[in-house]
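Colleague: Mind looking over this structure? Questions follow.
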Amino acid sequence: MTLLNPNIPIRQEVKVRFDWSLEEIQEILEKPLFELLWEAQNVHRSVNPEYKVQLASLLSVKTGGCEEDCSYCSQSIYNSSDVTNQSDFDVKGVLEQAKAAKAAGADRFCMGWAWREIRDGKPFEAMLDMVRGVKELGLEACVTGGMLTNQQAARLAEVGLNAYNHNLDTSPEHYDKIISTRTYQDRLETLHRVRNAGITICCGGIIGMGETLKDRASLLRVLANMDPHPESVPINALVPVEGTPLENLSMVDPLEMVRMVATARILMPRSRVRLSAGREQLGKEAQILCLLAGADSIFYGDTLLTTSNPSIKADRELLASAGVSVNWDLYD
């Protein structure tokens, strides 16, 4: 079952642009909600007429002890959250988790290391073995491990890494209020190295960190003017964590997530727009609106690094209610 009604005409050609202005994007973000949803739907139907949704599972391989001072993150050594530092899993343990994710229906397995940059030596060799193993299971492999060198990117490409996640987090203008230990340019250069190695990038941001609407438009402008667009664009809602500088912020209005997803879909028609952190707080109805607005991937599994995520059972019910197309045969 899908939501697609064959009697509703859809636009067959979608123009892909890389020259969006800040004013254009802000105007899209501020459109009346129904008009914004209609425009995003028109694009989404054209590029994804079967409403296919990718299920991506995310495992924290190395948790805590990160030298970055990201204001939102429970894993930073500068914050006083109660996250327990966890040593690197061995390769076998990670691949067992990947097998379980595949058995539950995931088709992409993402692995995260709480590092400022990838560490050469035994940790990096283990990372390469994990990527090889995930690929041998028939899953797409994604890694997030901070900054990396050209040589490290090349070796990850050699073992078949599909995507490297390195988020921009927020706009260039708001960035210094959130992070001081890594520059925006550092992030852009990391993405450049990944692309030069032939690996696709997974790159998005977080809303609800005290930014303005103009900041959100500015973040989207950076992403939408990358040529080519990121393969995946994760859209996160801040989950305030006790012990972090942003612990007292309120959860973002769910309709702001809908707007962000819809605008990302319009700007980057062929990218995967991934509903990421904060889904549990959004609720079922807002998540379905996000799927309607153009989200075509979710992070799937009971935890998302160090924050909770909807249960697999809840997500199966959500996706069935929405009528989107998922490879359910992986389960049954």
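Keep in mind that glycine also has a Cβ here, set from the backbone N, Cα and C atoms.
Feature list, courtesy of Swiss-Prot:
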DOMAIN    51-279  domain 'Radical SAM core'
BINDING   Cys66, Cys70, Cys73  [4Fe-4S] cluster binding site
BINDING   Cys110, Cys142, Cys202, Arg274  [2Fe-2S] cluster binding site
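Set these features in their place in the structure for me.
Modeller: Neighbours of Cys70 ([4Fe-4S] cluster binding site), defined as other CB atoms within 10 A of its CB across all chains, total 22.
In the three-state DSSP assignment, the secondary structure recorded for Cys110 ([2Fe-2S] cluster binding site) is strand. When other Cβ atoms within 10 Å of the Cβ of Cys110 ([2Fe-2S] cluster binding site) are tallied across all protein chains shown, the result is 30.
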Colleague: Across all the protein chains here, work out how many other Cβ atoms are within 10 Å of the Cβ of Arg274 ([2Fe-2S] cluster binding site).
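Modeller: Arg274 ([2Fe-2S] cluster binding site) is surrounded by 25 other Cβ atoms within 10 Å.
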